[in-house]
Amino acid sequence: MGHLHIEDYVPGNALLWQGRTDGTDDAYLRWYQVVQCIDLSGEVKLSSGSYVLLGFCSDEGVRRNSGRVGAVQGPKSIREVLRNLPVHHDADVILYDGGDILCTEGRLEKAQRQLSLAILQVLELGGFPIVLGGGHEVTYGHFQAVYQSVGELQKIGIINFDAHFDLRKPVDGVATSGTGFFQIAEDLHKQGKQLHYLALGIQKISNTKVLFDTAHDFGATYITAEEMGNSLRQEHILVQLEQFIAKVDCIYMTIDLDVFAAAYAPGVSATAFCGVLPDQHFFKLLHTILNSGKLRSYDIAELNPVFDVDNRTAKLAADLIFKSVSG
């Protein structure tokens with residue numbers, strides 16, 4: 001593929017990938033020693049089976065949503081943890097850092113368009129994008145890229161781990177971090193298509209009644225955090241997830257870190273004090289998605305380093321990525 005013009009884009013930077021050296025033999029390696037930095041606006045060739053990290057440096061949607069800003073620094077914080085992780089993935093798995101999309105001067109809609117271009121570039125080159133947020137406004141641009149990549153005939157399932165539905169209707173057409181899935185649903189409706197949306201970790205305390213009504217109107221499926229914490233419901237939830245996966249052609253997954261209990265994820269734009277635990281049950285659900293053969297791309301959203309404690313939330317985000325790459 002030829003040169004791609006992406007505005008407000010910063011290529012992968014090798015200076016961000018430095019760390020402790022235990023040795024240079026394969027058994028000693030850490031991520032910073034194997035990650036390859038690339039420029040998606042130049043001539044790029046990706047190896048088969050490659051993962052491409054792409055930062056979305058924006059919290060403009062959070063600001064518009066009257067939330068706690070700071071997630072703009074999320075990608076940097078995640079990389080700082082990732083760089084010293086030990087290499088446990090297979091030798092044929094290649095890791096790239098594709099750089100960052102910046103949201104400048106509050107121009108969120110432009111940043112979402114540029115993000116979509118960058119993700120689409122990765123998908124068309126055969127890579128697997130892992131997008132680092134950034135506010136949950138990442139979803140709108142991310143979905144657009146997946147939609148363009150797989151074609152109109154494919155039925156895309158959206159799986160959202162989140163305390164919130166993010167199904168708010170934009171007021172006066174202004175998008176926020178809480179409107180992404182409403183916007184996607186509207187776009188699909190205009191084309192005569194249905195939203196296929198599964199939300200896991202929803203909390204009543206975090207959503208008004210109208211959002212539950214909106215989810216019902218759109219035909220969305222949701223599983224509450226309370227249900228996920230009930231050991232008697234875990235097998236049923238797994239079956240629900242498998243049924244959702246079976247009825248779609250491909251999957252776009254997004255993990256909003258505020259789905260997790262605040263003890264594990266204090267560094268988010270809106271904490272969930274009694275959210276989901278990153279336990280064996282959660283990872284069983286996650287691996288079911290990862291191993292489905294249908295996942296095309298995913299993002300991790302709402303890491304806010306301003307409110308993080310001992311990098312706890314950044315380490316959780318990095319662990320999710322580590323497990324998805326290393327198996």
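Numbers here mean position along the shown chain, with the first residue as 1.
Placed from the backbone N, Cα and C atoms, the Cβ positions cover glycine too.
Site annotation (TrEMBL, ligand Mn(2+) 1) includes ASP162, HIS164, ASP166, ASP256, ASP258; from HIS136, HIS189, HIS287, the additional listed residue is HIS136. Compute the center of the Cβ atoms of ASP162, HIS164, ASP256, ASP258, which mark the site for Mn(2+) 2; besides them, the chain residues with Cβ within 8 Å of that center are HIS136, ASN160, PHE161, ALA163, ASP166, GLY201, SER206, LEU257, VAL259, ALA270, ALA272, ALA301, GLU302. ASP162 (Mn(2+) 1 binding site) falls outside any helix or strand according to DSSP and counts as coil. Secondary structure at ASP256 (Mn(2+) 1 binding site), as computed by DSSP, is strand.
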